[in-house]
Amino acid sequence: MSSSSSSRALALVSLALLVVSPFLAHAQTPAADDVCAGLATDDACHNVPKALRLKLIGIPTILVASVIGVCLPLFAKSVPALQPDRNLFYVVKAFASGVILSTGYMHVLPDSFNNLNSPCLPETPWRQFPFTTFVAMLAAVFTLMVDSLMLTFYNRKKKGHDAGAPVPTTSSSSAAVANLESPEPEAHWHSHGHGTALGRPGDTEAGQMQLRRNRVVVQVLEMGIVVHSVVIGLGMGASQSVCTIRPLVAAMCFHQMFEGMGLGGCILQAEYGTKMKAGLVFFFSTTTPFGIALGLALTKVYKDNSPTALIVVGILNAASAGLLHYMALVELLAADFMGPKLQSSVRLQLICLTAVLLGAGGMSVMAKWA
């Protein structure tokens with residue numbers, strides 16, 4: 001499953017929500033409509049020209065911050081201290097994973113609560129059932145299912161490719177037997193920096209399995225990041241409140257840079273080719289600016305307090321939060337902390353835990369403004 005097919009599926013889900021949500025909001029009363037209209041217009045910070053200027057500044061600023069964040073791990077490959085098997089790489093990745101975890105818990109999930117519990121929505125059914133946590137739970141389970149099925153697909157594809165490979169000739173088989181029988185030094189089997197032995201079929205297969213898993217992680221993680229980035233950008237582009245936009249631009253730059261570092265580290269470990277790396281970088285970097293531009297284009301139509309917008313954005317935020325929680329805890333943090341690199345060093349574990357807390361804490365502080 002590619003990133004393009006994931007985005008098409010996401011578009012279909014969003015379209016279905018847009019069609020269904022007006023019927024779910026049919027019980028809205030005129031009094032509530034007046035209240036919601038007041039929420040949109042009685043803002044002391046309402047300044048259309050100044051808000052437009054800030055949004056036009058925010059688009060290139062967030063774009064540059066996103067590119068820098070996601071490209072840093074890729075370009076740092078030439079720096080020996082930031083190789084994927086070095087301690088510093090694990091520390092930086094732990095910090096970025098903390099940012100992603102905090103994004104889900106401190107930014108995306110509370111936004112979904114605010115949307116789906118808004119007074120602009122009818123009490124039945126939106127305030128009689130915890131839709132936010134329900135959707136987040138389903139999204140986490142769905143992410144597990146997609147993660148597992150994609151890995152199964154890749155493994156079967158690999159096995160089918162291996163089954164179709166030509167059988168070794170007699171001479172090569174004889175040479176292999178001769179090599180096994182010859183008493184070569186054990187040093188020839190040792191790995192050189194990546195923890196994978198060279199020449200052993202089992203170890204080679206384990207390395208290929210890990211590589212396929214890394215590629216699944218990249219695709220699923222990027223899908224979750226793209227969802228909430230577009231939603232945030234859309235809300236920012238449609239907003240006319242200077243007091244909302246000004247801190248949001250700074251918060252989004254911080255958020256995109258460090259979230260991009262986490263994604264960039266995963267892309268580096270996935271060992272994609274140049275074209276695929278460029279596509280993933282472009283897709284990540286442009287989603288938030290695209291959301292802002294879309295919000296600007298839909299300013300006259302899109303009202304963030306309308307029932308349709310609240311339902312669609314609230315459900316997408318909840319789904320994105322569940323996906324980010326799963327990816328941050330299971331695929332990023334647990335995979336590294338339970339892996340051989342960190343398990344072999346208590347000191348490195350403590351440093352990485354500190355990095356996680358710093359990343360999550362810094363992103364949590366940003367929740368005050370965004």
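Cβ from N, Cα, C; glycine included.
What TrEMBL says about this protein:
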SIGNAL    1-27  signal peptide
TRANSMEM  56-76  transmembrane segment
TRANSMEM  88-109  transmembrane segment
TRANSMEM  129-154  transmembrane segment
REGION    161-204  region 'Disordered'
COMPBIAS  165-178  compositional bias 'Low complexity'
TRANSMEM  216-236  transmembrane segment
TRANSMEM  280-298  transmembrane segment
TRANSMEM  310-334  transmembrane segment
TRANSMEM  346-367  transmembrane segment
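Here the listed stretches are 56-76, 88-109, 216-236, 280-298, and the one with the most C-beta pairs under 8 angstroms to the transmembrane segment (129-154) is 216-236.
Scored by C-beta pairs under 8 angstroms, the transmembrane segment (88-109) has its highest count with 346-367, from the stretches 56-76, 216-236, 280-298, 310-334, 346-367.
In this chain, the transmembrane segment (56-76) lies apart from the transmembrane segment (346-367): fewer than three C-beta pairs between them fall below 8 angstroms, excluding pairs fewer than 6 positions apart. Counting same-chain residues at least six beyond the ends of the transmembrane segment (280-298), those with a Cβ under 8 angstroms from any Cβ of the stretch are 3, 52, 55, 58-60, 62-63, 66-67, 70-71, 74, 218, 222, 225-226, 229-239, 252, 256, 260, 263-264, 267, 272.
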